Amino acid sequence: MVKGSIQQEELMILNIYGPNTGAPRYIRQVLNDLQKDLDSHTIIVGDFNTPLSILDRSTRQKINKDIQGLNSDLEQANLVDIYRTLHPKSTEYTFFSAPHHTYSKIDHIIGSKALLNKCKTTEIITNSLSDHSAIKLELRIQKMGNYKLLRVKVTCSIPMQKN
């Protein structure tokens, strides 16, 4: 977790890496443990190892109860999937599973609903050095009473390990 300010704008960035199995329950526990720290300046980034919506899988597989519970917890904490909010119909993905021949968006940038008006753009950036693509977020940060565009790039990407 990193807390600080950019041009007198408070910001907290939390990086999460969810385990390959049980990720929704793990992330729910992390959110519960950090509930008192989450506020309108919060951005959570990372490899959640779980899709959050039906559009986050190339197979359009239904969202299970654990993911529904995670989404409910995010909603109760006033947190949203920033990429999905800005791109509600997009079928871009951040991960390719070679064994299953499927694509999914399991890397996310989650933020408070209050931050949405500060989000200029977000996009998925293909990375040839990893099995994950990065997600970039650009924020508008207030500077001296006027909003100036300052590019704050938040990416979540885990390099593929070679054995």
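Cβ atoms here come from the backbone N, Cα and C positions, even for glycine.
Predicted, not measured: the structure shown is a model, and the values here were computed from it.
As annotated by TrEMBL, domain 'Endonuclease/exonuclease/phosphatase' applies to 12-135.
According to TrEMBL, the feature Mg(2+) binding site maps to Asp47, Asn49, Asp131, His132. Of all Cβ atoms in the protein chains displayed, 21 besides its own lie within 10 Å of the Cβ of Asn49 (Mg(2+) binding site).
Taken from TrEMBL, the feature site 'Transition state stabilizer' applies to Asn49.
Taken from TrEMBL, the feature site 'Important for catalytic activity' covers Asp107. In the structure as shown, the Cβ atom of Asp107 (site 'Important for catalytic activity') sits within 10 Å of 25 other Cβ atoms.
The annotation site 'Interaction with DNA substrate' is assigned in TrEMBL to His132.
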Spatially closest candidate among Asp47, Asn49, Asp131, His132, the listed binding-site residues, to Asp107 (site 'Important for catalytic activity') (Cα to Cα): Asp47
